[in-house]
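**Student:** Below are the features listed in Swiss-Prot for this protein:
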- Lys164: active site, proton acceptor (ACT_SITE)
- Gly63, Trp65, Asp83, Asp99, Asp124: S-adenosyl-L-methionine binding site (BINDING)
Amino acid sequence: MSGKKRTASSNRWMLEHFDDHYVKLAQKRGLRSRAAFKLEELQQKDQLIRPGMTVVDLGAAPGGWSQVAVKLVGDRGKVIACDILPMDPIVGVDFLQGDFREEKVLEALLTRVGADKVDVVLSDMAPNMSGSDGVDQPRAMYLVELALDMCHQVLAPNGSFAVKVFQGEGFDEYMKAVKEAFKVVKTRKPDSSRARSREVYLVATGYKL
């Protein structure tokens, strides 16, 4: 029974995906994922990224957010991307493949960042979904906590943070932790985010720790 449900769910996702306006637009514009439009919308509202900035993109593969970020920072800026999964090269993006929970990978990431710290940390990370809230939500919250921890390690004073969070158990506590670390925190639901998804984006500015 559960196998049939998964198949039906997968089929629905495939139909939605290929009939999706943003998927078609991404293909037309040469963007690697529809997620790129989410960052474009956040940028339009909150002006997170400016020319010359240094940006860290966590969970970067397949590279939609990095494509947007590298155009925004321009030739004088820097984008450092990290993911467990491989990612095809993007001109101007310094990509590190690995799990930044591992000491060796974290050290390599921090070396790339250098002593100057970064202006923006981005995280569009999400776990592989099992379909069980009791499993998926804790995994999702663990990833956003890792992203906030990365802010504490690399973000410059008054820096910014944009992170995908799934509403559910642990969300309120996480929001409180982000508000303690940043002067201003806004919740965004981009138009390009699927309506039935519980995902929202926290946009935090004015890092104060």
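Glycine too: its Cβ is placed from the backbone N, Cα and C atoms.
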**Student:** So what sits near Trp65 (S-adenosyl-L-methionine binding site) in its own chain, CB-to-CB under 8 Å and at least six residues off in sequence?
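**Tutor:** Result: Ala35, Ala36, Leu39, Asp57, Leu122, Asp124.
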**Student:** Would you kindly give the Cα-Cα distance separating Lys164 (active site, proton acceptor) and Asp83 (S-adenosyl-L-methionine binding site), rounded to the nearest Å?
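**Tutor:** Distance (Cα to Cα, whole Å): 15 Å.
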**Student:** Could you state the whole-number distance in Å separating the C-alpha atoms of Asp99 (S-adenosyl-L-methionine binding site) and Lys164 (active site, proton acceptor)?
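**Tutor:** Pair distance, Cα basis, whole Å: 18 Å.
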**Student:** Could you state the whole-number distance in Å separating the C-alpha atoms of Gly63 (S-adenosyl-L-methionine binding site) and the residue listed as 'active site, proton acceptor'?
**Tutor:** 15
**Student:** Any idea of the Cα spread of the S-adenosyl-L-methionine site, Gly63, Trp65, Asp83, Asp99, Asp124, as a max distance in Å?
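**Tutor:** So the binding residues stretch over 18 Å, Cα to Cα.
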**Student:** Out of Gly63, Asp83, which of the binding-site residues has the smallest number of neighbouring Cβ atoms within 10 Å?
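**Tutor:** Output over binding-site residues Gly63, Asp83: least Cβ neighbours within 10 Å is Asp83.
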**Student:** Does DSSP put Trp65 (S-adenosyl-L-methionine binding site) in a helix, in a strand, or in coil?
**Tutor:** helix
